Amino acid sequence: MAPGLTSATPPPHPSGRDLEDISDQIDAVNVLLSSPTRTAATTTTTEGSNPKSNFRQYVTASPQVKALYREQHEKQTVEYNLAARKAFHSSVRARMGIWEAMEKLNTLIDESDPDTSLSQIQHLLQTAEALRRDGKPKWMQVTGLIHDLGKLLFFFGAQGQWDVVGDTFPVGCAFDPCIILSDTFSQNPDSKHPIYSTEMGIYSPHCGLDNLLLSWGHDEYLYHVVKDQSLLPDEALAMIRYHSFYPWHREGAYRRFMNQKDWQMLEVVKEFNPYDLYSKSDAPPVVGELKVCR
Ligand SMILES: [Fe+2]
Ligand SMILES: [Fe+2]
């Protein structure tokens, strides 16, 4: 199915269960931060940076989430990003269908903890079912079904959790203060780079988000797989690529890079976000029944 799904040795630690846990905790933080009860003082943009919000976010996050973001923000550099993209395009491909990929992701994560409460496959099915229940178009239901399959990256070449899950952001330009726990970027060498640390960095105004180097993780990985191997529309690609790009779709940062198409894509990414964040509260789907329906 995807480049990068190779015979490479999986990282010895952390386990799939650890990834599942940290992914759930990140989702929980984003649910809290997306809550309508948040005050204006907790929302920031590049245009309106507010140190209080970072403090609030830091308090909100668990120690595991803080540790993940600290490591991610220190290691997601332009140099790493370019190397990850090169590895993606030069790796040996494995091939599998969507259902097989879902089951593989589930197995790899569940094997370390058979008692997991809500599995990856259930999250994907719940997201797709919620979209179907609301009468969303089939391409959107399909995209909901596959949107997190890039987490397979964790088992095939990732360096850890930090280059698989977590909110995403561009590299090659200044790190926006509205990124969660943005103070931890101080240890990223790009934050002192003469070009990468500037507002425009290596980009030009309104160059389009497609041209940004987004931090490497499950969103970016799956985006490239689906862009090359499916007929899904641009809106679906945006849902996949930007679903963790909270500094953009929730906080309103990086508007300076947007072109006309990105404004249209922003609407669909925002439309999708509640299905990703809140479908976990629905009753767990019966996987066997839905598999028969395919
Ligand atoms: Fe995701
Ligand atoms: Fe998700």
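Keep in mind that glycine also has a Cβ here, set from the backbone N, Cα and C atoms.
From the candidate list Asp27, Asp183, Asp276, the residue TrEMBL records in the Fe cation site shared with His123, His147, Asp148, His218, His243 is Asp276. Same-chain residues with CB within 8 A of the center of the His123, His147, Asp148, His218, His243, Asp276 CB atoms, the Fe cation site residues themselves not counted, are Leu124, Thr127, Gly150, Lys151, Asp219, Ile240, Ser244. Rounded to a whole number, the distance between the Cα atoms of Lys151 (substrate binding site) and His218 (Fe cation binding site) is 5 Å.
Asp167 (substrate binding site) is 18 Å away from His123 (Fe cation binding site) when you measure Cα to Cα. Candidate binding-site residues: His218, His243, Asp276. Those with a Cβ under 6 Å from ligand 2, in sequence order, are Asp276. When secondary structure is read from DSSP and collapsed to three states, Asp276 (Fe cation binding site) falls in the helix class. Close to ligand 1, meaning a Cβ under 6 Å from one of its atoms, are these of the binding-site residues His123, Asp148, Asp167: Asp148.
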